[in-house]
Amino acid sequence: MQNYPLLSLINSPEDLRLLNKDQLPQVCNELREYLLESVSRTSGHLASGLGTVELTVALHYIFKTPFDQLIWDVGHQAYPHKILTGRRERMTTIRQKDGIHPFPWREESEFDVLSVGHSSTSISAGLGIAIAAEKENAGRKIICVIGDGAITAGMAFEAMNHAGALHTDMLVILNDNEMSISENVGGLNNHLARIFSGSIYSSLRDSSKKILDTMPPIKNFMKKTEEHMKGVISPISTLFEELGFNYIGPIDGHNIEELIATLSNMKTLKGPQFLHIRTKKGKGYTPAEQDPIGFHGVPKFDYHTGQLPKSTATPTYSQIFGEWLCETAEQDEKLIGITPAMREGSGMVEFSNRFPDQYFDVAIAEQHAVTLAAGLAIGGYKPVVAIYSTFLQRAYDQVIHDVAIQNLPVLFAIDRAGIVGADGPTHQGAFDLSFLRCIPNLIIMAPSNENECRLMLHTGYCCGKPAAVRYPRGNAIGVELEPLRKLEIGKSNLVRQGQDIAILNFGTLLPNALDVAEKLNATVVDMRFVKPLDHERINELAKTHRTLVTLEENTIQGGAGSAVSEVVNIQQHHVNILHLGLPDEFVAQGTQQEVLKELKLDATGIEEQIKNFLRIA
């Protein structure tokens, strides 16, 4: 830590608050450099954190955390927060098995008020915490930091609408690191922000309100005049003022002096406050500033050169999906691709560039994405919703009410199904089979390799009803790709004939199942379809084998294995059944391989579980 003389002194925000204000720019420089060095050695989210260094320092300097409670939305930008709150020496373990969590996590630190990972939850939770604090006369400040992407979600506006109506004391900070909201940042804005947040202006404002309460017409006129003054400087301010917030900004989020002055003023204000700051994602590191998307989440890399490692492995399942999407769009102009702010992650970059008129990025709006697809289907188009398993949870009612009940031809391409790995419990795709298979009219498929994935996407696209294909994060296995053709719906594939034991595989754990089958001389069936199930195959296996083993990368509760048991129970087969899958717990972070091994879903673990079951059976 000899390169970080001030940062090495900071083991908690209390240490930070002992420093002089004129030392804070150096703290910011050291913090940014330390963040860059540590993430380059471990992997993780980089660009967002580089952009919030000054804000993080200012917040912990002005507010008495953890008594004053700081809530980060999503949490990608919270690495500097972790470094300043006693976890500096453990940053090399972030996102690793048994290491510190990739996002703010209540169990990890008293400074992490809300466990996060999904977007747009901070203001709702912050409002609840603020209401509780007011009821207890706690006297603490509640601060929510939300990005310009997360604030586009409906939940954020629902919370602000409620907070404005209640007039609850809380501060919402919009970290605006894109050009989409406002470009008005400069000396004038910083100066006006000090005025609007200052004690003199605020006192006059509050006193005037009390006087004007007896004169409603004049009060309304003055309110509109104030809103207009702010609106001239920042047109977006009118929206937040109408929601009941006192809007300040935008100000330069990298000017530590202005942040300190403005936050000091706003700390004393009553009611819902809104501070708009402008930052640059990747600030201070040229490669990240030039490519903030590429440096959003990074593997280990050489930060001196800024070169990210190039993958020489087989294509990812996301890439396989993207290639299928382009191939299909070439033949069908009725195809419409939809993503809720996951263009890069879902493999849709090429599609969006080649077919811009057939592509919609609806931002962080999963509910809207699904119902938009329903409307397009009603209009005669063939929508494909590309969405992560963990984010599909946010649109569950829309899948049922707007798609399935109406039996509309919408294809859900469910990425990141199963174990995702380093992002931990909030991002594992553990539940989609369980919450989807109970929905009538829905066809659900789980490919065992990239060729099967293509064929299933094609089958779902052509079936004329709601369909879902779930596939994992990461690289495919390198099998040869066939020309597109439709699979027979509800029919499985016998992969290996054995005796006594039959492994019914759902998804990409098939290679592990085959390894085990060679040792145990087991039959292996790639089930392909979770819904409708191949009843004929299940009945045949139950009659000719002593033990059925279901294998899936989904929680066992309510998953594909449970569906097999339902079939066996209805037919009253006398056969032993072992369900292998994810446990009834939230699965922690680690590499995919580490997590599968720990859950005994690698080949060795599967064999061990089957042998233990056979001893009991």
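Cβ atoms are placed via backbone N, Cα and C, with glycine included.
Among the features that Swiss-Prot reports, thiamine diphosphate binding site is placed at His76, Gly117, His118, Ser119, Gly149, Ala150, Asn177, Tyr285, Glu366, with the record citing sequence analysis. Taken from Swiss-Prot, the feature Mg(2+) binding site covers Asp148, Asn177, and the record attributes it to sequence analysis.
Looking only at Cα atoms, Asp148 (Mg(2+) binding site) sits nearest to Asn177 among the binding-site residues His76, His118, Asn177, Glu366. Within 10 Å of the Cβ of Asn177 (thiamine diphosphate binding site) there are 25 other Cβ atoms, across all protein chains. Cβ-based neighbour count (10 Å, all protein chains) for Asp148 (Mg(2+) binding site) stands at 19. Whole-number maximum of the Cα to Cα distances across the thiamine diphosphate-binding residues His76, Gly117, His118, Ser119, Gly149, Ala150, Asn177, Tyr285, Glu366: 32 angstrom. Secondary structure from DSSP puts His118 (thiamine diphosphate binding site) in coil. A C-beta separation below 8 Å, combined with a sequence spacing of at least six in one chain, links His118 (thiamine diphosphate binding site) to Val74, Thr390, Phe391, Arg394, Thr426. There are 27 other CB atoms within 10 A of the CB of His76 (thiamine diphosphate binding site), with all protein chains counted. DSSP gives His76 (thiamine diphosphate binding site) a helix state. Within the same chain, residues at least 6 positions away in sequence whose Cβ sits under 8 Å from that of Glu366 (thiamine diphosphate binding site) are Pro340, Ile387, Phe391, Leu392, Arg394, Ala395, Gln398.
Using a 10 Å Cβ-Cβ cutoff, Gly149 (thiamine diphosphate binding site) registers 20 neighbours. Look at Glu366 (thiamine diphosphate binding site): DSSP puts it in a helix. In three-state terms derived from DSSP, Gly149 (thiamine diphosphate binding site) belongs to neither a helical nor a strand segment and is classed as coil.
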